Ligand code: PEP
Ligand code: MG
């Protein structure tokens, strides 16, 4: 039972402090999820042992926490009632017990006590509930009647139900931390990660995930340091532990010494100083020494990131992952809501292009996390190969049409480009074209303005699209290569699986040849080819991408000055020669060696520091 004994420690000096003090320093290794170094106390969410989630709240967060608790009570009651309705026949004893549990859920002893503790002690609902249980237990211990005393087991049962509701069906990501924390969890949903932005979160640590898992991608976009794929971190780290999170090298120091803390702070200072030096490039053109222009645009997930897009001097938005606007909501967003988001983006960046990708759920952005009961039943055995992205949009036409109407309407206000994810067949594209044609006709009939020449492109992110790139290129206005998925589908490596993360190799010659083939097919049809996978923002890999002739690289905004510096120190000839050589390589090691050599002679001292 989580909590009864633990609540004893709530009263005095916190258990967290004692734990942190008597722990030996320990270093654990994971995968760098997002750069940066932070030092702070851990909050472990959804621990897998009997440990409780516990943290202090800000005053303003109290009411929301009490409401969350009430929601958990309502849900637990509904669940018990549903269960009760399934019992048939002569089971009067069982039914009586269930009725008493339902009544107990409404017992003021637990309810009021918990709500009061949330407020008085400014603690989260799980912790308050466990403290309330402890107080109830003390009362039961004094009851002489053995029968009544034994009823405490029922109280415990009901409290357990509530704890389950709070951790599983309640709010997934806690809000209102009273002080900045490093959040540790087995994994986070994309919506959790986005929520961290508005919370006092210094950085985060997960057990699952790889460099291109969406948890890591969002962390980078939000500028929150993260380490992912740390084995058993939720077991090894306890709430209250002091940690250093080194997102540059994918390292975590548990209970670090003062010397270690100073060392890491210095290391971070140097990295930051270098990034500031790079800000000099923000206002310069993205071109090589001999004048070849390559658009360096931004990948964003939420509209707030627009500030970063303009600050880092992006040449527009190369990828807006529109699905994040669906995950954060209680209900699926309606046309007006979507329209206003897209319109704001387009107006803010006009005349630069804003490329908005239609809903791309699936893989590690599970469709069951979408609002609404409809998707709750979508449990797929292999979501990465399932009803993902455009496949879901084509099945859920109303959902798709709502988004397309919003996109087309927003196109009247600037340069909006529509990007279709995971196209793997020509027939899929044809179906989408038909739907877009129909939506255009409807808008025309309604007298609603839109851009009739709106550019429509596809993500090239499955091997079949690469193979058919010549055919697909004839049908669209641009390509955007999604290497995050292209790598996973061509090398058969789950991009979010920490066990095979080392084999996920963007520099595998097979991947580079696919990029090259797509660029050639696109250019042969006279369309532009962009690349928006994570490798676009990696200065170590960018030279080969530039040499392969991509017209645009789209990346997290803060990476733009790094890549621009590289571009401005290169000539198109040197880049093309490098790519030609690399295309002959037999494996990723050879590719790396050539890139190392190139950077050593073209980027010098800077290469060492980036
Ligand atoms: C990609 O697959 O490379 C991509 C940019 O899309 P996402 O990471 O959202 O799947
Ligand atoms: Mg993708």
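The count begins at 1 with the first shown residue.
Here the Cβ of each residue, glycine as well, is placed from N, Cα and C on the backbone.
Curation does not apply to TrEMBL; its annotations are automatic.
What TrEMBL lists as region 'Disordered' is 1-27.
Per TrEMBL, compositional bias 'Basic and acidic residues' is recorded for 13-26.
Per TrEMBL, domain 'Phosphotransferase system enzyme I N-terminal' is recorded for 30-151. Residue counts for the domain 'Phosphotransferase system enzyme I N-terminal' (30-151) under DSSP (helix as H, G, I; strand as E, B; rest coil) come to 78 helix, 15 strand, 29 coil.
The coiled coil annotation in TrEMBL covers 52-93.
As annotated by TrEMBL, domain 'PEP-utilising enzyme mobile' applies to 178-250.
Taken from TrEMBL, the feature domain 'PEP-utilising enzyme C-terminal' covers 283-570.
Under DSSP, residue 321 (phosphoenolpyruvate binding site) is assigned to a strand (E or B) in the three-state scheme. Remark: residue 321 (phosphoenolpyruvate binding site) has 299, 300, 301, 357, 360 as non-local neighbours, by Cβ distance under 8 Å and separation of at least 6 in sequence. Per TrEMBL, phosphoenolpyruvate binding site is recorded for 321, 357, 484, 485, 495.
Residues near residue 485 (phosphoenolpyruvate binding site) in space but far in sequence (CB under 8 A, at least 6 apart, same chain), listed by position: 363, 422, 459, 461, 462, 495, 533. In the three-state DSSP classification, residue 485 (phosphoenolpyruvate binding site) falls within a helix. Annotation source TrEMBL lists Mg(2+) binding site at 461, 485.
Feature annotation from TrEMBL assigns active site, proton donor to 532. In sequence order, 299, 318, 319, 459, 480, 481, 482, 553, 554, 555 are the residues of the chain that are 6 or more apart from residue 532 (active site, proton donor) and have a CB within less than 8 Å of its CB. Residue 532 (active site, proton donor) falls outside any helix or strand according to DSSP and counts as coil.
In this view, residue 484 (phosphoenolpyruvate binding site) is surrounded by 25 other Cβ atoms within 10 Å of its Cβ, with every protein chain counted.
In terms of DSSP secondary structure, the domain 'PEP-utilising enzyme mobile' (178-250) contains 22 helix, 19 strand, 32 coil.
Farthest C-alpha pair in the phosphoenolpyruvate-binding residues 321, 357, 484, 485, 495: 20 Å apart. Every protein chain shown contributes to the tally, and the Cβ of residue 495 (phosphoenolpyruvate binding site) ends up with 27 other Cβ atoms within 10 Å. In the predicted model, residues of the coiled coil (52-93) average a pLDDT of 79.
Secondary structure from DSSP puts residue 461 (Mg(2+) binding site) in coil. Filtering 357, 461, 484, 485, 495, 532 by Cβ distance to ligand 2 (under 6 A) retains the following recorded positions: 461, 484, 485.
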